[in-house]
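Some features that Swiss-Prot has for this protein:
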- G30, E31, N32, A33, Q34, G35, K36, T37: ATP binding site (BINDING)
Amino acid sequence: MIIHTLELSSYRNYSKTAVVFGEKINVFVGENAQGKTNLLEAIYVVALAKSHRTQKDKEMIGFEEPFARIHAKAEKRTGEVELDIILSAKGKKGKINGLEQRRLSDYVGTLNVVMFAPEDLDLVKGSPQVRRRFIDMELGQISPVYLNSLSLYGKILKQRNVLLKNMQQKRSQNYAMVDVLTEQLIDKAAFVMKKRAEFISRLEEWATPIHQSISRGKEMLTLSYIPSIEVSDIENMSKIKEDLYKAYETKRETEVRRGTTLFGPHRDDVSFSVNGLDVQSYGSQGQQRTTALSVKLAEIDLIYAEIGDYPILLLDDVLSELDNYRQSHLLEAIQARVQTFVTTTSTSGLDDSVLAEACLFSVDQGTVKRLE
């Protein structure tokens, strides 16, 4: 898939901007704080209806502006498509070919992107929340059913936590309602956990050989989904539900005392191991970076395998974080298959093969210009 044009209105430091992109590699050059990352973020938002940098939509709306709009014209294997995201204080709306979508989960997945930013190097060494968010964003864009179930899980979880907090503070002792919400929560939780485990298993199929190649055959990467409770069979929905019921039943009084839900997908994690050793605890910085790079490249292949179209790749100031060997592996992996967007403060750190195929743009104080 390819984005041909992007139009921004009142988006961060872009008052009104339109950019026409090249079909292969697009490089945005400029000093820090000029709007390069904002540009890549806009592509990410128009695809996934969420930012990779903030959870507050108002931060993306221009100063004292009522709303921001991102409009993209793209081409997929199935044909051309126009996408709109409108951000306002009232929320956000997504349109496909001018038609507003009833739910954002119906919108997400029309355009697929893979983002690789410096903070993604924290995928391995960061908190479990970072890894859960990674799964949710990547799996969500290829499975609307997963995204919808995750959203419903979040709503039920919020209700249950409010009730547990009230019970902790003696404002309510409604155990019957806790049981009702627990049953609803388990139904969604089991589906989310099963789909996440399947996704990690699929991702491992692609990431392991990539990691072997980058490490010159010296390292074997394995990925594991780690539920917050002991699950006898993560591939079996009924077994997951049974194990969740047991956990909630055993710890119900503890949850009331703590005023919060102690188990479920919102507390699960992913582990990365190299040659049997946990990379987060025992891996070198080089191994952690190779693992993050392998996982990101695996995403590209997994999305292609799922939908038959390559995603768009966003490289936000990340090439400078990789040595020449890892950089060359990244560039070799994308070749001419993937439309790529790169931000950098200088072209001096970029491989000559990149510059030979790239469309170059300067970014200065929210103004984007094509360099001939």
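Counting starts with 1 at the first residue shown.
Note that Cβ sites are derived from N, Cα and C of the backbone, with glycine treated the same way.
Each of the binding-site residues N32, Q34, T37 was scored by the other Cβ atoms within 10 Å of its Cβ; the lowest score goes to N32. Non-local contacts of G35 (ATP binding site) by the CB criterion (under 8 A, 6+ apart in sequence, same chain) comprise R12, N13, Y14, V363, Q365, G366, V368. Sequence-distant neighbours of E31 (ATP binding site): residues of the same chain at least 6 apart with a C-beta under 8 Å from its C-beta are T345, D364. Within the same chain, residues at least 6 positions away in sequence whose Cβ sits under 8 Å from that of G30 (ATP binding site) are K36, T343, T345, S362, V363, D364. The number of other Cβ atoms within 10 Å of the Cβ belonging to K36 (ATP binding site), over all protein chains shown, comes to 26. For the recorded ATP site, residues G30, E31, N32, A33, Q34, G35, K36, T37 set the reference point as the centre of their Cβ atoms, and the other residues of that chain within 8 Å of it by Cβ are N38, T343, T345, V363.
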